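Features reported for this protein in Swiss-Prot:
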type	residues	note
REGION	1-58	region 'Disordered'
COMPBIAS	7-42	compositional bias 'Gly residues'
BINDING	Tyr146, Thr147, Glu165, His166, Asp190, Ala191, Asp210, Val211, Asn212, His213	S-adenosyl-L-methionine binding site
Amino acid sequence: MKPPQRGRGGGVRGGRGLARGGEGSAVRGSGRGGESGRGRGPGRVKSESDGGIKGGSKVLVTPHRHAGVFVAKSKADALVTKNLVPGEIIYNEKRIFVQNEDRSTVEYRVWNPHRSKLADAITTGVDNIWIKPGVKVLYLGASSGYTVSHVSDIVGPEGCVYAVEHSDICGKVLMNMAEKRTNVIPIIEDARHPAKYRMLVGMVDIIFSDVNHPEQANILSLNASYFLKSGGHFMISIKANSIDSTIAAETVYQMEVEKLQMEELRPTEILHLDSCEEKHACVFGGYRLPRK
């Protein structure tokens, strides 16, 4: 059985594969704008560092349609987030400094879609990431915090990222990063056992699950039962070979979708990602959504 795609498969629809931001929807399959997003007029600014764009060149930084995400446009476009802690870098990432008309400076960090599944999903054309300023996120499989740091930028000082990582080595890097980013709460625990960290995590708006484990769907559903608000949302990264390398990736995706549906996790969109890894997909959806 093939995994659900646009226009079939119980309402789960595939992305349209656009690398641009804009108003176009990954579900609707129609483009209604460019990278500048909805309605907010960008200002032309000047770059003061390379940041993926040649230093000193004129750069146009515009809001992406996903709140808290931006696009720096020049000879080479780059996905960026506004640095929550100006002056601090996480992984020697490139930065772009732009000067506003009032002479204030804003610092942006370049977000590489080849290193982050969430960034890859955005450039592929996901309809909604549900992560936006002010929300609370539970991130399972935080690793050393590359994507977590950009999620931290997006949710801002009013939001919060609970970052769960099992590896002590990655956990140390994650904790060092969180010293400056006060909206990141590192939790060095096994995501398979949420009862161990239930006293540290409040109810969240979205769970982002990037746990490379054969039981990853069950891990997500168990954490959702503890922490995800009814009507909240989720994203799960599925690496087919980690679940069953003996069958077709499409079959694996369908099996995982069916597991999620059994646990009140309703998938609404599936994207095949190529930038990070082969045979990899991300499923987005909602939890205990009201029936239409």
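Placed from the backbone N, Cα and C atoms, the Cβ positions cover glycine too.
Mapped onto this structure are the features recorded in Swiss-Prot.
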| residue | record | Cβ neighbours (10 Å) |
| --- | --- | --- |
| Tyr146 | S-adenosyl-L-methionine binding site | 20 |
| Glu165 | S-adenosyl-L-methionine binding site | 27 |
| Asp190 | S-adenosyl-L-methionine binding site | 15 |
| Asp210 | S-adenosyl-L-methionine binding site | 22 |
| Asn212 | S-adenosyl-L-methionine binding site | 14 |
- Recorded S-adenosyl-L-methionine site residues Tyr146, Thr147, Glu165, His166, Asp190, Ala191, Asp210, Val211, Asn212, His213, farthest C-alpha pair in Å: 20
- Look up Tyr146 (S-adenosyl-L-methionine binding site) in the DSSP assignment and report helix, strand or coil. helix
